[in-house]
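Notes follow once the structure below has been shown.
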């Protein structure tokens, strides 16, 4: 039950308690002092600190990082959250070093009220005071030497726009060590950032709140005044004063837990000192949780914390984490440096997860797996997210980026190595092929836009940081590291990584530091190669033609910047240092030749390659570039799709390149549709997944025409053979990928209106709802999607009921994502209204609205209108974080009318979203690209779709 504190303390009374005057120092009577005696000290009595706040500046000033004249060594931090009034009280005693005399200390601070602040020099030398100035005595030179080491701040000047506070002192703080003492109060906000409240229901259904943290990128300052920059590292001694029946966790292990003397319903929990670390990695959680635990083979205590009563759902993540820690220890040849690691599921959580050192926080759906009710894709997702966050314990936490400009190094590396880890733990997932569809192609699509950005972005003001948490930093970053790993080779890559982690452990590093270590390990020009990929945006298209000369094949290879709008035609065309691999039909899995293309064009001889052999560039689809083959080379490759002699990842890459070229107007979309028909024998899940995604883009495009139904018929024809082969029920001997493929294919057929699939889905849905035959977890999404797409108000009501009854967040999310498939305009409105109701967690509103926008032409229009009509609430809810960017992207991606781009631009000129400015520009660009694609190819597509069904003459 919810604990009602018998002696609750309001923030005001706590502030009064903190501000009680310290006992003034007794000054000797003047008659007891000899004339000329010196007094060293500060003002007597208590300084009443003024809290002067400055308003928001009309124009953003140039951003300046914190001064370096005072820096922290250790934060002694005590926090007391109130889980009823949603406030917290804090006390900071920080060990600091003054490197240059100053009478001000500048720190980061946001949404916090400082009550008192003082500075205590270590062994304080003090300064001279003339007693006549204090006593108002007749002018006699009574002086004394008095030591008053505690110097109280005389003013707090908040610079709200820069999220800083300046503490002013009446005298210069001298060089050396000292203690900074600050008492403060703040709010447990509902914005999913800083120190915030997270709503949950107890097993009996009672609503309660946990107090949790999310500090990356710049929100530790919302929990305590601090030097909130990644390069300003310190150690932390954290104490939490919490209700005695709550779990209290932080980065380190508990070293003391004792009753709180002022309130017997509370306990004081003290944690061990952390290693030196950045503020954005600090974390604390107070709430009700169960846990499962294990010890990794290298002796680290691993716990997974779950909602009460759901400990069993933490076992899968525990198994993954216990395997992952030793894997990374061996891979990096550096041990995990903390005694424990906790993984915890948080009810209200904006991101997927956060790598806080020793206390990793997750959305429930990124950590919890129910053995009976979780689908295969959820298990895979949990494995990847656990792998990603635990990689950060070394790469990001032990060695940290110097500034947010190097964010990609953290996220790109973790996004690459999570796949390496999952491949180690679950080789049956064929996870590297999935990487190409999930990360590599997504990054190529975004990076082809004129409104992309380089991997490395100079970041200044904190409001700019959220904008680079995107597919460039994560997916392109991961893709170029994968390419680099392939170029160097695993052995030298690991040597370089080991050297980097040892050299910079407990310190900060930049991109160049990593290149230097990898260069030394491999002897290759890493910096020269990689700078062309990280410091300029975009990527090349490699244009290739061939000539047979005797028994050799001569390739003419050239590079130019690939643009989503067509070939780059500017004079200043950028170029890249491109590692290129070449294979032949003799052995498609083996690279026959490697070259480094470091100029605009080159001629390459592939020896001993007869005229009957085909040649393929970029085997494994590792290099981050598109390829345009001559028509003759492409013709030789296409049979490899139908007869499966090309590897799955290369079949996928070939099709994806062609699709992208068609969107850019470099080839006809009809040519791509013909290639897609060759995939009728395709057995691989990931290849089908990429095909499905591209056909979804085409469906969205043609929803603006009268030819939408003809494309659905094409989709039904393409997917029916594999659907019949798979059937509805799993067979003996099938594995993870078969389950994923069955769900994908049945969902695609159902949405496209395949009658046998629709009828069977309705039958199984009815039995599921009636409790006669519960749907397997892997079939729920395709069945829900199918019955909703072709359903009515009764179907929607049933889905709302299932959503309300669901005990697992995974099941709620599964339903939320497909609700938008409903077709009727009035029912679409009901789904949109539902998205902002209390039934949907704040972070999941985005996926409900996105589901509506992605389902149909009517849904797209309704979703955009809903976003506009509810903009104030939505923007306030997500406070300019990355969820607002995601909402904008999902709402706008499918439009294909020129005037729509102008409407979007106009809306955001009057409804500012600073953290999503680039996203808005990208959406407008995509709308114009879609419109141009539609005008260019729509009639040819229509004629092809009609002709393929025409009876032979």
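Yeah, the Cβs are placed from backbone N, Cα and C, and that goes for glycine too.
Per TrEMBL, the feature active site, proton acceptor maps to 389. Here TrEMBL flags 388, 392, 411 as Zn(2+) binding site. Among the features that TrEMBL reports, domain 'Aminopeptidase N-like N-terminal' is placed at 72-281. The domain 'Peptidase M1 membrane alanine aminopeptidase' annotation in TrEMBL covers 316-533. Taken from TrEMBL, the feature domain 'ERAP1-like C-terminal' covers 614-927. The annotation site 'Transition state stabilizer' is assigned in TrEMBL to 474.
In sequence order, 355, 389, 391, 395, 396, 410, 413, 414, 415, 418 are the residues of the same chain, not among 388, 392, 411, whose CB sits within 8 A of the CB centroid for the Zn(2+) site. Ranking the recorded positions 389, 411 by C-beta neighbours within 10 Å puts 389 at the top. Listed in sequence order, 353, 355, 414, 415, 417, 418 are the same-chain residues at least 6 apart in sequence whose CB falls under 8 Å from the CB of residue 388 (Zn(2+) binding site). The Cβ of residue 474 (site 'Transition state stabilizer') has 23 other Cβ atoms within 10 Å, all protein chains considered. Annotation for residue 392 (Zn(2+) binding site): spatial neighbours 355, 410, 414, criterion Cβ-Cβ under 8 Å with sequence separation of six or more. When the alpha carbons of the residue listed as 'active site, proton acceptor' and residue 474 (site 'Transition state stabilizer') are compared, the span between them is 13 angstrom. Each residue contributes its Cα atom, and for residue 474 (site 'Transition state stabilizer') and residue 411 (Zn(2+) binding site) those atoms are 5 Å apart. Per-residue confidence over the domain 'Aminopeptidase N-like N-terminal' (72-281) averages out at a pLDDT of 89.
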